[in-house]
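K.L.:
Before I ask anything, here is the structure I am working with.
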Amino acid sequence: MRLANKPGLKFSLNSGISLRFGGFSEKEYEKIKAFASRNWNKDVVQVDQSIKGWNYGKAEVKGQVLEFEVDEKPCFEIPLSNVSNCTSGKSEAVLEFHQNDDCAVSLMEMRFHIPTDPDADEDADPVEEFRRAVMQYAGIETETDQPVATLQQILCTTPRGRYDIKVYQNHLSLHGKTYDYKIPIKTIMRLFLLPHKDGRHMYFVISLNPPIRQGQTRYHFLVLEFAKDEEVELDLGLTQEQLKEQYKGKLDKKLSGNVFEVVSKIFRVMVDMKITVPGSFVGHSGTPAIMCAHKQASGFLYPLEKGFVYVHKPPMYIRFEEVIFSV
């Protein structure tokens with residue numbers, strides 16, 4: 001195959017990984033072919049690249065790579081480790097990609113229209129099958145390390161749904177019924193722990209930059225909601241020695257207590273960040289929460305020492321220094 005304007009070699013490994021090497025000259029093909037036949041008992045096949053520019057063809061997952069073919073010729077390929085999410089619709093699959101902050105321009109999403117095959121089984125859903133094939137090797141599901149903690153069926157009010165949250169040393173993985181996310185730890189900017197006005201629930205708010213995306217909607221905050229009296233027992237995925245070495249003994253192998261306290265402790269240590277809580281303000285309800293509305297959505301405003309937090313549609317953090325006028 002050709003890489004740019006010169007011949008290249010592509011290796012497809014048993015693990016599903018594809019490797020490409022460039023910089024060869026035209027006359028070296030016969031040498032490489034003879035070497036592969038003699039030493040590996042493999043044939044080197046020449047493959048022509050499709051340059052028709054058509055936007056319709058066949059998208060197929062081959063190992064850990066998504067290949068798009070036009071007239072049975074490869075047009076382009078995408079390493080699935082670059083995919084951050086894949087969602088399915090009625091006849092459409094949407095791929096979202098990890099963003100590189102150092103790039104001025106980057107690919108954010110790609111949409112594939114997948115028509116229904118009239119001859120296929122009625123129970124078969126080609127869009128969902130495509131999504132599952134992509135997600136098998138997507139960056140959010142290729143977890144080889146042991147998660148530090150796994151939180152089951154956590155209620156998330158923003159974005160709405162229940163998610164299994166796996167906390168790794170460098171990122172979070174959220175697995176929901178429809179959407180999955182991979183969130184690098186370094187994108188977490190602030191942590192807030194806020195009491196609900198009803199006194200029976202707690203909000204744990206995670207500020208993100210860059211935000212996660214769900215279709216065209218961006219979420220700069222994750223808002224987790226916990227029942228105040230709900231308890232949990234967790235056995236962390238690291239040994240006591242690893243916890244002592246990597247986190248200076250701030251986390252124990254076994255954690256138990258109220259869910260919001262356990263989750264707060266894990267995030268405080270893993271992210272190495274102070275959790276912001278309401279200051280001394282107490283409203284007429286006897287709580288730090290002020291019930292108010294933003295546009296048509298009601299929510300709660302929390303005065304803090306250095307700003308305000310509003311939850312939850314949409315969540316906002318407003319620093320006092322950003323306020324230039326108030327009524």
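Any Cβ shown, glycine's included, is placed from N, Cα and C.
Okay, these came from TrEMBL:
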type	residues	note
DOMAIN	1-44	domain 'FACT complex subunit SSRP1/POB3 N-terminal PH'
DOMAIN	53-116	domain 'SSRP1 dimerization'
DOMAIN	148-275	domain 'FACT complex subunit SSRP1-like first PH'
DOMAIN	289-323	domain 'Histone chaperone RTT106/FACT complex subunit SPT16-like middle'
K.L.:
Pairs of Cβ atoms less than 8 Å apart decide it: which stretch in 1-44, 53-116, 289-323 has the most with the domain 'FACT complex subunit SSRP1-like first PH' (148-275)?
P.N.:
289-323
K.L.:
So, by DSSP, how many helix, strand and coil residues make up the domain 'FACT complex subunit SSRP1-like first PH' (148-275)?
P.N.:
24 helix, 73 strand, 31 coil
